[in-house]
Amino acid sequence: MDYQNTIAFAKELDSTDKLRDFRKQFFIPQHNNKDAVYFNGNSLGLQPKSTIDYLNQELEDWAALGVLGHANARNPWVNYHESLAEPLSRITGALPTEVVAMNQLTVNLHLLLATFYRPTRERFKIICEAKAFPSDQYALESQVKLHGLSPSDAIIEVHPKEGENIIQTDDILKVIDEHGSSTAVVLFGGVNYYTGQVFDMPAITYAAHKFGAYAGFDLAHAAGNIQLQLHDWQIDFACWCSYKYLNSGPGGVAGAFVHEKHAANKELPRLAGWWGTSKKNRFQMHPQFDPIPTAEGWQVSNAPILSMAAHKAALAIFDKAGMEALLIKSKQLTKFLFYILRDINEKHHRKVIQLITPQNAHGCQVSLFMLEQGREIFEALIDHGVIADWREPNVIRLAPVPLYNSFEEVWTFGNIIQTILNK
Ligand SMILES: *Cc1c(COP(=O)(O)O)cnc(C)c1O
């Protein structure tokens, strides 16, 4: 297709977009009485208009039934989390028995590491990406210290090659080759939060397994954003949050994946709680912990129903749209964005915007290194109601997401930048 950097062309793309009506299912933040251009779905996804009804139902049942709601609510609370497993399995490419909605992301990472990071004298290292999201760095360091080890011995970070922004797959495989036999866990993001790079999860997993290490992934920026096949890729464990691409509200309930080959293994050590034990025995206050032989066996506490109601509302929208259609539109949106950025550079006969995100391995999120007037451009974007994200020294991150963003918004973004550069 021949792209054009015009509003008419953007509108034409919108008019043929099969998912365009999904935008109406979300509240769009306002700026000067108009829809803001919301490109921050990678930090906090927008609120579906249906969320309030899902929440109200649980509030009404709580008001009407009190404790009896556990069994008698329209969606009985004791089983509430079970209804999230199917939609989550479609988003993550997992079996419903391999996924569970529970806790928060970093908490889930700790719970999964409690099981999968069991260092021995011979095998004690964790291989991870350099400059991982700070919460993940803290989690890994504290896990290592919990086992009486030193992070400087046990944590092996993979860096990009000198002068590059992106960690290439061969950089990762080289480190796994070097340290694999003394490595317990290889833990990467699915998508790097800063660069927007999608890591080659199957290749990393294959390499980790070759050396007998586990492969785990933090999918905070991947769930609901890119194609995932956690089951087929043989990933051992993974976790994600629901408030970014999954639109389930600030601090919303997170998710976890444990591959079937481990989930059914009741002997795996774990940090246990009553919600992870056999449902038959749970209310008999049995002294013996008998883990559920699915990902549910990693649950600790009873489920946060209000947060799960918001999650359920958001997941229903994903099911209506379908991951496949979302991925197609996502690719088209970013392709149009890449085209517009190239066009801006060409019109200015020099590189004013440098793309950090690799064009062959990305989801919705695109990170731009602004070579000229970065701060000024970002201020102008804010003045025009574009909600994106600024990272020092000169980086703008934006995420046109397929559920509620349009091609016209992508054009608007480029047009504002161009206006500032032309001044
Ligand atoms: C967003 C994000 C977090 C946030 O952790 P919470 O436990 O949800 O507060 C952690 N890690 C990564 C990679 C993230 O992108």
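Just so you know, glycine gets a Cβ as well, placed from its N, Cα and C.
What TrEMBL lists as pyridoxal 5'-phosphate binding site is Leu105, Thr106, Phe133, Pro134, Ser135, Asp136, Asp218, His221, Tyr243, Trp274, Asn302. According to its DSSP assignment, Asn302 (pyridoxal 5'-phosphate binding site) is coil.
The number of other Cβ atoms within 10 Å of the Cβ belonging to Lys244 (N6-(pyridoxal phosphate)lysine), over all protein chains shown, comes to 27. The feature N6-(pyridoxal phosphate)lysine is assigned by TrEMBL to Lys244.
Look at Asp218 (pyridoxal 5'-phosphate binding site): DSSP puts it in a strand. In the vicinity of ligand 1, defined as a Cβ distance under 6 Å, the following of the binding-site residues Phe133, Asp218, Asn302 are placed: Phe133, Asp218.
The binding-site residues in question are Phe133, Tyr243, and the one with the fewest Cβ neighbours inside 10 Å is Phe133. Counting every protein chain shown, the Cβ of Ser135 (pyridoxal 5'-phosphate binding site) has 14 other Cβ atoms within 10 Å. Neighbour density for Asn302 (pyridoxal 5'-phosphate binding site): within 10 A of its CB lie 16 other CB atoms from the protein chains shown. Binding residues for pyridoxal 5'-phosphate (Leu105, Thr106, Phe133, Pro134, Ser135, Asp136, Asp218, His221, Tyr243, Trp274, Asn302) extend across at most 31 Å, taking the greatest CA-CA distance.
The Cβ of Leu105 (pyridoxal 5'-phosphate binding site) lies under 8 Å from the Cβ of Ser135, Asp218, Ala220, Cys239, Trp240, Cys241, Ala254, each of which sits 6+ residues away along the same chain.
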